[in-house]
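See below for the structure under consideration.
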Amino acid sequence: MAILSDKWIRDKALNEGMIEPFVENQRRDGCISYGLSSYGYDARVAPEFKIFTNVDSAVVDPKDFASNSFVDRETDVCVIPPNSFALARTVEYFRVPRDVLVICLGKSTYARCGIIVNVTPLEPGWEGHVTLEFSNTTPLPAKIYANEGACQFLFLQGNEPCEVSYADRAGKYMGQRGVTLPRL
């Protein structure tokens, strides 16, 4: 499995719509960096957040998730309460080629502040906005900045296309738009 370069990412984004909108050069002046890097793409977080709250003393159940456990906010700066988390999404819409698996890693700028970004791999054939989970591991409120870098996607090419892609098996998160809660 090979990690794919900026040249490959640029070509797929510009000619096949793999990443839309696509920022060709890494932006970093006065903001958390985003855009094309040497062997990856730093995606931005959209100004659409679901901030976890437990006012109803709910039990978190991935099989029966209570959507009222979140407060919806559209804002340029999201404040996550101490030891809590928020869901968000990428500005970018991704279309993953059939022979590629995409891994996401958090930005060190956030990690150094105790803010962890979690995303499961983007499977071959999947497309959509990526739902991001920001965990505030600190005992203090933490800020997330919309329209700035949130995480880096690394593109890994398999030795051959998979037999059954995410699209082939009609995965439950196929084509998701906006922040998407757990589905069964």
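Backbone N, Cα and C atoms are what each Cβ position is placed from, and that goes for glycine too.
According to Swiss-Prot:
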type: ACT_SITE; residues: E133; note: active site, proton donor/acceptor
type: BINDING; residues: K107, S108, T109, Y110, A111, R112, T131, L132, E133, Q152, Y166, Q176; note: dCTP binding site
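Mapped onto this structure are the features recorded in Swiss-Prot.
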residue: K107; record: dCTP binding site; DSSP class: coil
residue: T131; record: dCTP binding site; DSSP class: strand
residue: Y166; record: dCTP binding site; DSSP class: coil
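Rounded to the nearest whole angstrom, the C-alpha distance between T109 (dCTP binding site) and E133 (active site, proton donor/acceptor) is 16.
A C-beta separation below 8 Å, combined with a sequence spacing of at least six in one chain, links A111 (dCTP binding site) to V117.
In this structure the C-alpha atoms belonging to Y166 (dCTP binding site) and E133 (active site, proton donor/acceptor) are separated by 21 Å. Taking all protein chains in view, 16 other C-beta atoms sit within 10 angstroms of the C-beta of E133 (active site, proton donor/acceptor).
Taken over all pairs of the listed dCTP-binding residues (K107, S108, T109, Y110, A111, R112, T131, L132, E133, Q152, Y166, Q176), the Cα spread reaches a maximum of 34 Å, rounded to the nearest whole number. Take the CB of K107 (dCTP binding site) and look out to 10 A: across all protein chains shown you find 21 other CB atoms. Here the binding-site residues are T109, T131, and the one ringed by the most other CB atoms within 10 angstroms is T131.
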